[in-house]
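The following features are taken from TrEMBL:
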type    : residues                                 : note
BINDING : Ser33, Gly34, Gly35, Ala36, Asp37, Ser38 : ATP binding site
DOMAIN  : 28-204                                   : domain 'tRNA(Ile)-lysidine/2-thiocytidine synthase N-terminal'
DOMAIN  : 254-316                                  : domain 'tRNA(Ile)-lysidine synthase substrate-binding'
Amino acid sequence: MARIPAPVAAVRSAVSRGLADLPAGALVLVACSGGADSLALAAAAHFVLGRRGAAGRVGLVTVDHGLQEGSERRARSVAAWARDAGFDPVRVSAVTVAGLPGGPEAAARTARYQALEAAASDLGAAAVLLGHTRDDQAETVLLALARGAGPRGLSGMPRRRGVFRRPLLDVSRGDTRKACAALGLAPWEDPHNTDPAYARARVRGAALPALVAELGPAVVGNLARTAALVAADNAALDELAAEAHERARSAGGLSAAALAGLPAAIRGRVLHRWARELGAPGGALAYRHVSALDALVTDWHGQGPVFLPAGIAVARRGSDLVRVVAAHIK
Ligand SMILES: Nc1ncnc2c1ncn2[C@@H]1O[C@H](COP(=O)(O)OP(=O)(O)OP(=O)(O)O)[C@@H](O)[C@H]1O
């Protein structure tokens, strides 16, 4: 029997581990752009679930963002390959990106995840697989470090969230490419991946290779491992903060005395949670907002209210932090 090339085996075993808990007969969808990562993922999911016989069901969804010349053709050709290869069901989801908030990259991502979630729910899928690799995770961590993101950003992409799973977070991009080559699959090259207009493309093309050249190839895996370690710490601190938040509630808002006794890492999280609860949107709530709230607790000298995004104001009244409306601000 011919030996299975090592990169093919690496991708298959990662997928097999990532799907081990799924019940027999559950439908798994692969989110496939046609790029090397998700093509290798699709081939591996097909193999792994195929071995389960009638108990393994694997479909494929490809999203047409309609942003690039030829995107419809690409989506059709990924779908045609999938049907030939035996994926069932196969769906092309066309989305409208214009009008969604954020830059073009963020808007495309939002539209894509919505379409994938909708496909999972229409088709009754138990999981949607994404092809993010160890290299993608390392890039995410580096970008998060560079913009001063806290532990939430440094946690990188989760292995699972809702219906989504990322079974390739321990597999290198080199291996997904080699797996495609070994299987005779010709991946689509996304021009955005090398377009220097995108920060991620510059990290991929220049920043991370420079770190690897200076510090050695282990940097990529080490950055990805940092994400996993920080994610575990962060989850534990979030849980402690949720409990501390309940204890710090007072009739009017939050008790400054209860907050003052907390470690800074927990206090900051409680203040962040409370600001979200008051209606401040997560994306707009920044470090400086939470720091200003914190100063109402730890550096109280009669300062005025703190203004949060979405027109929310918080002031200290006696020993409490309370939400105030503009008319009551003195
Ligand atoms: N147009 C699309 N249709 C379906 N799934 C997509 C699409 N674009 C991205 N995805 C999913 O999101 C994952 C991450 O995509 P992204 O473009 O950020 O990274 P990538 O490393 O270039 O992935 P790939 O090599 O698979 O294109 C992909 O691996 C795939 O699972």
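Including glycine, each Cβ sits where the backbone N, Cα and C put it.
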Practice task
Specify the count of other C-beta atoms within 10 Å of the C-beta of Ser33 (ATP binding site).
Solution key: 20
Practice task
Starting from the Cβ centroid of Ser33, Gly34, Gly35, Ala36, Asp37, Ser38, the recorded ATP site, name every other residue in that chain with its Cβ within 8 Å, sequence order please.
Solution key: Cys32, Leu39, Ala40, Leu41, Gly131, Thr176, Pro187, Trp188, Asp190
Handout entry: List of residues, in chain order, with Cβ under 8 A from that of Asp37 (ATP binding site) and at least 6 apart
Key = Gly131, His132, Thr133, Asp136, Leu168, Arg173, Thr176
